[in-house]
Structure formats: structure tokens, C-alpha cells
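Report on the structure given below.
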Amino acid sequence: MSEKVNNFPPLPKFIPLKPCFYQDFEADIPPQHLSMTKRLYYLWMLNSVTLAVNLVGCLAWLIGGGGATNFGLAFLWLILFTPCSYVCWFRPIYKAFKTDSSFSFMAFFFTFMAQLVISIIQAVGIPGWGVCGWIATISFFGTNIGSAVVMLIPTVLFTVMAVFSFIALSMVHKFYRGSGGSFSKAQEEWTTGAWKNPHVQQAAQNAAMGAAQGAMNQPQTQYSATPNYTYSNEM
């Protein structure tokens, strides 16, 4: 088997840095979890785009007469939260679906609940916090309508992000509880060290893949094309 080479993030060749992670949905994730994993990845991408749009909104805020603090914080949130959200909550759920690890699920729940709270705060938009939320945007309409309209775009995106985050958290929690997962299982993985044992992880991944393939290849009940009836000659 060829060695897996890190391929994410896909950096341009002129940047003297190399990718930090290996990511291949089709190769790593069992088919029954593929759709959910990709949706969470798209949610991470939406979060990153929202932070970038928020930077533009805060620039319009600054040009319209707002303080420079919001623009500076918006830039900080972009360069800080984009990689941190990938490492802190997407990689754990990627690993959880890949290896069926209860510890990784718990790590995801813990960090993603923080992500949900942050998204709600961003949507609210407290002035001076570097986010174009509802309070900051609505209050700025009386100062500069043009800037406020631009600020409205990241405000809507923050709101969408908060709603989608709540839905995603509910769906993953429902799946985890339905599959028999629990906090005690995560504690057991932590105690035994199974969460960081590559052999255990590979065995769990192979078992998940095998279960998925078995479900898809399950033989169907065969029926005879021509029915065979036996009649009695006795009257």
C-alpha cells in the first residue's frame, strides 16, 4: 500500500509550506457516512467564506465612519477561526466517521457547541467585536446606508451559519445516540488509549467499511419464476 501524502490544504507551489493533513472522503469515509461528512465540510467552508465576507463588511463599516477596531478584529477572526475551526471540530468529526471513534465524537460535540455559541454571538453583532451582526448593522443604517447594506450581507451569512450549525449538531447527535454511542464509551477509549492507536483505528475503519459493503451486497430472497403446484387426484 502506498504511503498517504498530506494533501490539505492545497497550497500553491510558490508558498514555502506543505499541506498538513491527508483528506480523501471516498477513501477514508464509509459510504453510509459520506454525505454527512461532506455536508459538515461544506459547513466549514461556509464559515470560512462568511468570515471573509465579514472582513469586507467591516471595511465598509470603517469607510462609512466606523472605528478601525472592528476591521482589525475581523481580520484576526478570519486568520484565527478558519484554521482553528478545521482542526478543532471538522477533523474530529472526520476522524469519528472514519474510525467510529466515540472519543472523536465527544471532541466534536464539545468544540462544535462552542462554534454554535460563537455563530450566535456573531449573528447578534455586538458593536466593537469585529462582526457585522444585526445590532451593529441596524444601528449603522442611521449613519451610512450604503455601508450598512454591505454589512447586511455578512449579517445574513452569520445567521445562516448559526441555523445550519444547530441543525448539523442535532443530526450528528441523533446519529451518535442512535448508533449506541455514549460518554462512557468515549471514557473507555481514553482510558485504554484506543483513540490514538493506529491499529485499533484501522480495524474500526475496516469493520465499518465491511459492514457497509455487506449491507449493499446482501442477497435478495430468490423466488421461482414458475410456480409449482401439486394437485391431489383424489375426489
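For all residues, glycine too, the Cβ spot is worked out from N, Cα and C.
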Determine from Swiss-Prot whether PHE141 and GLU3 lie on identical sides of the membrane. no
With the greatest number of Cβ pairs under 8 Å to the transmembrane segment (103-125), the stretch among 40-60, 68-88, 149-169 is 149-169
Pop the mean pLDDT for the topological domain 'Extracellular' (126-148) in here, whole number is fine. 95
Same chain, outside the topological domain 'Extracellular' (126-148) by at least 6, Cβ under 8 Å from its Cβ: which residues? 54, 57-58, 60-61, 63-67, 69-74, 76-77, 154-155, 158-159
Six or more residues out from either end of the topological domain 'Extracellular' (61-67), which same-chain residues have a Cβ under 8 Å from its Cβ atoms? 128, 132, 136, 140, 143-144, 146-148, 151
